Amino acid sequence: MTSISGRDPLTGRTIEVVIRDGIIAAINDIRSEDPAWLSPGLIDLQINGYQGFDLNSDNLTPDIVVDLAYSVLATGVTTFLPTIITASEEKIIACLRAIAAARQLTPALQHMIPGVHVEGPHLSPEDGPRGAHPREHIRPPSIAEFDRWQQASGDLVKLVTLSPHFHEAPHYIAALHNRGILVSIGHTHASIEQIHAAVNAGATLSTHLGNGVAYSLPRHPNLLWTQLADDRLTGMFIGDGHHVPDDTLKVMLRAKSLDRAILTSDLVALGGKPPGLYETPVGGLVELSPDGRLSLSGTDFLAGSVVPLKDAVAHLAATYLSLSESLQLATQNPARVLGRISKLQVGAPGNLIRFTWERAAGIQIESVLLQGSPAGRRE
């Protein structure tokens with residue numbers, strides 16, 4: 001049995017959470033004041049890498065996956081979807097096999113990693129919507145290829161991001177939806193009609209909504225308005241202050257409502273690195289600016305994010321959402337999409353973080369519990 005205390009962000013009251021056999025068994029009020037907050041562990045549906053550990057490297061190994069998992073665990077992320085981007089089928093399969101092997105190597109990862117997010121390779125080939133994804137590996141959706149991904153990974157692929165401009169898209173989306181696979185719209189130049197067809201076929205998410213589109217769009221209608229207006233779509237947003245301007249994100253969150261919005265990091269391997277120019281296997285030469293913006297060198301095209309999810313939560317809590325609302329977008333909402341529970345309630349998993357929060361200093365993680373056990377660095 002384990003217990004941990006802190007303030008409940010929803011009520012402000014200090015509570016003690018008792019965990020038994022990895023599950024929250026009791027929650028008790030405490031009269032004493034506590035400077036720290038308590039929350040379910042963060043859930044990130046889009047992590048490409050962190051602190052030099054790159055899931056899209058040409059030679060991904062199970063050890064790299066394990067090291068990455070412990071690195072993001074230290075930032076308060078207790079559940080995440082490793083994200084593999086556009087590449088040759090051979091490379092995607094190699095990466096999937098490495099992730100599957102890592103889960104077998106380390107039991108904690110079987111809990112932390114419920115599945116894999118494959119972002120691509122069925123994306124827009126156009127500059128702008130394509131982002132940093134390599135054009136030479138863009139290709140139409142193929143159920144046969146998806147089956148090979150699942151065979152190689154042991155059915156680990158749980159989320160696929162695609163552009164619905166392909167004529168094969170509706171059939172592909174319906175096939176995945178019928179298998180219980182999440183399909184998200186992203187990196188697209190699709191027409192309004194193609195967006196509608198994708199949602200009708202079973203797409204339920206929008207990947208980093210507001211990004212992965214052309215720089216210039218018709219005033220109306222356009223594919224952003226259509227996705228924002230459709231209540232069947234839950235929008236995933238990058239809240240790092242760079243991908244979507246604060247006032248734009250505020251409007252988008254109001255359009256989707258907090259119940260249909262999710263914060264993701266889109267974190268890449270350069271997260272935690274100093275500013276400078278870097279050569280990467282995805283996007284080639286990229287520039288990390290002092291203010292934390294990562295872009296393709298010499299362009300305005302973003303190349304992922306270097307801001308951990310906890311900092312995105314802190315950013316929104318310091319601007320226009322409450323701390324409780326910001327945490328909802330990074331705990332309860334992504335958990336629901338994955339079919340999990342992520343709340344401070346009896347019966348929920350004992351994945352918890354204790355942290356301090358100040359508007360200027362942001363969120364500082366003090367401790368992390370994974371299934372009720374203190375989580376540290378890999379031994």
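Quick reminder: no glycine exception, Cβ is built from N, Cα and C everywhere.
Automatic, uncurated: that is what TrEMBL annotation is.
Here the structure is a predicted model, which means the values were calculated and not measured.
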>> Quick check on the annotation: TrEMBL has Asn211, Gly212, Arg219, His243, Leu302, Ala303, Gly304 binding substrate, so which of Ala132, Ala144, Ala152, Ala375 does it put in that site too?
In response: Ala132
> Pick from Glu119, Glu136, Glu145, Glu279: which one does TrEMBL list with His187, His208 for the same Zn(2+) site?
Replying inline: Glu119
> Once Glu119, His187, His208 are set aside, which residues in the chain still have Cβ within 8 Å of the Cβ centroid of the Zn(2+) site?
Replying inline: Gln46, Gly120, Leu123, Gly131, His133, Thr161, Ser184, Gly186, Thr207, Asn211, Gly212, Asp266
>> Applying a 10 Å Cβ distance cut-off over all chains shown, what neighbour count does His187 (Zn(2+) binding site) have?
In response: 28
>> Between all pairs in Ala132, Asn211, Gly212, Arg219, His243, Leu302, Ala303, Gly304 (listed as substrate binders), what's the biggest Cα distance, rounded to the nearest Å?
In response: 26
> Across all chains shown, how many C-beta atoms besides its own are within 10 angstroms of the C-beta of Leu302 (substrate binding site)?
Replying inline: 22
>> With Cβ-Cβ distance below 8 Å and at least 6 positions apart along the chain, what are the contacts of His243 (substrate binding site)? List them in sequence order.
In response: His208, Gly210, Asn211, Phe237, Asp266, Leu302, Ser305
>> What's the number of neighbouring CB atoms sitting within 10 A of the CB on Gly212 (substrate binding site)?
In response: 25
